[in-house]
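**Student:** Below, the features straight out of Swiss-Prot:
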DISULFID  Cys35-Cys92  disulfide bond
DISULFID  Cys47-Cys79  disulfide bond
DISULFID  Cys80-Cys128  disulfide bond
DISULFID  Cys94-Cys136  disulfide bond
DISULFID  Cys105-Cys145  disulfide bond
SIGNAL    1-21  signal peptide
Amino acid sequence: MAKSTILVALLALVLVAHASAMRRERGRQGDSSSCERQVDRVNLKPCEQHIMQRIMGEQEQYDSYDIRSTRSSDQQQRCCDELNEMENTQRCMCEALQQIMENQCDRLQDRQMVQQFKRELMNLPQQCNFRAPQRCDLDVSGGRC
């Protein structure tokens, strides 16, 4: 009798642990799909343009430094405004950064440019006064970048 009571208690404990794990997993999936919707909703173009301007340096030689600086600053502000429309969570910020990387991957001409882009991209949250993701894999699937 004591053995069956212990067995029933153990079985109940396993079921509770499994249900708790499933609930946590569903919550994570819900967070992820919420982030995906948010990333789809915001305009990441200003962020892409801001980072490309930073890594390309002087693109138009006839522009004065002040004009280029103002344009880059405007792009950064527009980028930060767009990112501010999303939840400031590690997961959502990482998904936004991943999307920017994926969108610009084909424009990055060599390995050095890819590394510069990733560095600037990881600095973007701090530039906007957001929390930076602790871990964020910016490698694009398919090995393109």
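Any Cβ shown, glycine's included, is placed from N, Cα and C.
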**Student:** Among Cys35, Cys47, Cys92, Cys105, Cys136, all listed as disulfide-bonded residues, which has the most CB atoms within 10 Å of its CB?
**Tutor:** Cys47
**Student:** Quick check for you: of the disulfide-bonded residues Cys35, Cys94, Cys105, Cys136, Cys145, which have their Cα within 10 Å of the Cα of Cys79 (disulfide bond)?
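**Tutor:** So the list reads none.
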**Student:** Could you state the whole-number distance in Å separating the C-alpha atoms of Cys80 (disulfide bond) and Cys35 (disulfide bond)?
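**Tutor:** Distance between the two Cα atoms comes out at 17 Å.
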**Student:** Going by C-alpha positions, which of the disulfide-bonded residues (Cys35, Cys92, Cys105, Cys128) is nearest Cys47 (disulfide bond)?
**Tutor:** Cys128
**Student:** Relative to the Cβ of Cys128 (disulfide bond), which residues of the same chain, six or more apart in sequence, are found under 8 Å away?
**Tutor:** Gln76, Cys79, Cys80, Leu83, Asn84
**Student:** Just give me the nearest neighbour of Cys94 (disulfide bond) among the disulfide-bonded residues Cys35, Cys105, Cys145, Cα to Cα.
**Tutor:** Cys35
**Student:** Quick check for the class: what is the C-alpha distance, in angstrom and rounded, between Cys145 (disulfide bond) and Cys136 (disulfide bond)?
**Tutor:** 15
**Student:** Between Cys105 (disulfide bond) and Cys136 (disulfide bond), how far is it from one CA atom to the other, in Å?
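**Tutor:** Spelling it out, the Cα of Cys105 (disulfide bond) and the Cα of Cys136 (disulfide bond) are 16 Å apart.
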**Student:** Cys79, Cys80: which of these disulfide-bonded residues has the sparsest Cβ neighbourhood within 10 Å?
**Tutor:** Cys80
**Student:** Using Cα coordinates, what distance in whole Å links Cys92 (disulfide bond) and Cys136 (disulfide bond)?
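**Tutor:** Between the Cα atoms of Cys92 (disulfide bond) and Cys136 (disulfide bond), the distance comes to 10 Å.
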**Student:** Just to verify a number: CA distance, Cys35 (disulfide bond) to Cys136 (disulfide bond), in angstrom, no decimals.
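**Tutor:** Cα to Cα, Cys35 (disulfide bond) and Cys136 (disulfide bond) are separated by 14 Å.
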